[in-house]
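Straight from TrEMBL, the features:
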type	residues	note
REGION	1-38	region 'Disordered'
COMPBIAS	18-27	compositional bias 'Polar residues'
DOMAIN	68-336	domain 'Protein kinase'
BINDING	74-82, Lys100, 437-445, Lys460	ATP binding site
ACT_SITE	Asp202	active site, proton acceptor
DOMAIN	337-406	domain 'AGC-kinase C-terminal'
DOMAIN	431-688	domain 'Protein kinase'
ACT_SITE	Asp548	active site, proton acceptor
Amino acid sequence: MPLAQLADPWQKMAVESPSDSAENGQQIMDEPMGEEEINPQTEEVSIKEIAITHHVKEGHEKADPSQFELLKVLGQGSFGKVFLVKKISGSDARQLYAMKVLKKATLKVRDRVRTKMERDILVEVNHPFIVKLHYAICFFSMGKAFQTEGKLYLILDFLRGGDLFTRLSKEVMFTEEDVKFYLAELALALDHLHSLGIIYRDLKPENILLDEEGHIKLTDFGLSKESIDHEKKAYSFCGTVEYMAPEVVNRRGHTQSADWWSFGVLMFEMLTGTLPFQGKDRKETMTMILKAKLGMPQFLSPEAQSLLRMLFKRNPANRLGAGPDGVEEIKRHSFFSTIDWNKLYRREIHPPFKPATGRPEDTFYFDPEFTAKTPKDSPGIPPSANAHQLFRGFSFVAITSDDESQAMQTVGVHSIVQQLHRNSIQFTDGYEVKEDIGVGSYSVCKRCIHKATNMEFAVKIIDKSKRDPTEEIEILLRYGQHPNIITLKDVYDDGKYVYVVTELMKGGELLDKILRQKFFSEREASAVLFTITKTVEYLHAQGVVHRDLKPSNILYVDESGNPESIRICDFGFAKQLRAENGLLMTPCYTANFVAPEVLKRQGYDAACDIWSLGVLLYTMLTGYTPFANGPDDTPEEILARIGSGKFSLSGGYWNSVSDTAKDLVSKMLHVDPHQRLTAALVLRHPWIVHWDQLPQYQLNRQDAPHLVKGAMAATYSALNRNQSPVLEPVGRSTLAQRRGIKKITSTAL
């Protein structure tokens, strides 16, 4: 299975000043041709004032600006500002949106035309893979919070995953399976636009966004074309040169088929890491698009090469997707043979990558230059001529600044924190530190109080000289939205320590609560194990292994004792599956890209997670641990018992335990990790599946919680202790024996 090249080809080009942009591959707005090249009937020959009307989300009442609470400034551009807002009334109260505020007086007439064009398209479009306009509000009256007349408020999806290639090129490598998924969703989005008579005309990486689940959203319709002539052609010269179809470049009129050429450019870029046609300047690039022969990389699969050749037809009539069947021609191609298009449309196919987005209101990937500002409803001015265009059309994409993009090349906790606080805010500025909760070898956990809200949290203070917390923070950002994984709230870095703020586990350790519970049945134990194993299965499916699932890292967020309040915590030893170049791998199709020993280690670590859950289950059922009798057992004794794979499942406290429970314990604690059950198989075991048939009588367990805690601590201390290397004479080494070298004495010199 082919994969993208190891270089980082998706680096954003620096935004040039207006005078430079056209010559350096930047976006070209509608550019009229000479009169001899254009039919006047196909272009706007006169531009007048455009009226932009209200739009209301279907099934909701009419909104006004006062119904939205301004939370943060997300970005600003020449037209206005983008805010993160929360609806404070109506049936969608508490919903987060991105709100773009435009002062109509600042819009040039042509911009007003494009504004209306995009607004009209967004109102008409309703598709799972296209950004949605929820409200469009024209506001002219005075108000306390909104003082300025003549503003346009556009309320859109708040998309936290960033644009597809900028985000993924920093974090995950593309396989053909990944590319297939994104292209398939994109094909459905383009087909929907085409069915409405719209030519998209600006297909490029920056306009494909990710939602928090990892599905795409197509955005920016400022250059889309709805009004076309009787031949269904448009004649404007617009877009980004590298992605333009030949018929757009030669200005002889283009149809929806031009979008499928750009679709091919995106496919080529994702699969190879390079653009198919890119010269040293705009003129050379255009010449290559019109005349150059495409060099097809031979590492691509035959199916991928075939699709690219059929998309890169310079005669648009011969291009795949241009025929009478439209997108069906593309869907039938062998490259997409494994795609279930109905499931894809219903968003039932899981994306190959989940962005590290944090909580819904988090803005980890927004420029702190804006998020640190107090939100005020006023149009903004670009901070500099070289500022990034933080919103494109009417959609917001959470991008990083140039400095942050460079920092992300060498991924580290500094870059993550820099995106959040730019190191300008200290942890103690926002939080009051309280008593210790726990102490480890490289960190200490304390209770803390958020000064602004008076809410309680936990903070893990990590000594950077002893451990790099980058992996832990990335995992929490990416997967902390799972209901049974501890939620990351904030991150700070003062240079020496990293402060990881999470929700406070007020219910304490799971095992403590269970051992102190006077009445505990197998049915309750099954519910607990199901919740934990389901969470572990989710992590393993994402290529994440915890590697430290001891009972002290499984806690309750509250004192209810309900399985829903269980949280897996402390991902300090967790790992994400990575290729040799350090980029994350998606869970499927990794065998072709990851060294066998890495996959073997990953499988071993996953089996260790299951073994730890087996120890927990054993202890829940009997009240004592399988391999340690108490805190005084030596590491050697404990490791010897673990290595033997022998443990008792009969007599004593086991007399009250069902045979199906014993069967599950034995399979989870199997000494051979290859024969141990996986998380998925644990969930299919009868003791889990038929939980409602399990006995509800009280288990007869050892009543010595402190003894059990000590034995459990001794078990994991023995497993995690540092093994001292055994030193032998140099002559005994494999290298020396292979070379036949004898020890050299000084007299031989």
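Residue positions begin at 1 at the first shown residue.
Using N, Cα and C of the backbone, Cβ positions are placed for all residues, glycine too.
Per-residue confidence over the domain 'Protein kinase' (68-336) averages out at a pLDDT of 77.
Most Cβ neighbours within 10 Å, among the active-site residues Asp202, Asp548: Asp202 holds that distinction in the structure as shown.
Considering only the binding-site residues Val439, Cys445, the Cβ with the fewest other Cβ atoms within 10 Å is that of Val439. Ranking the binding-site residues Lys100, Tyr442 by how many Cβ atoms sit within 10 Å of each one's Cβ puts Lys100 at the top.
On a Cα basis, Asp202 (active site, proton acceptor) lies 21 Å away from Lys100 (ATP binding site). Cα to Cα, Tyr442 (ATP binding site) and Asp202 (active site, proton acceptor) are separated by 50 Å. A separation of roughly 17 Å, to the nearest angstrom, links the Cα atoms of Cys445 (ATP binding site) and Asp548 (active site, proton acceptor).
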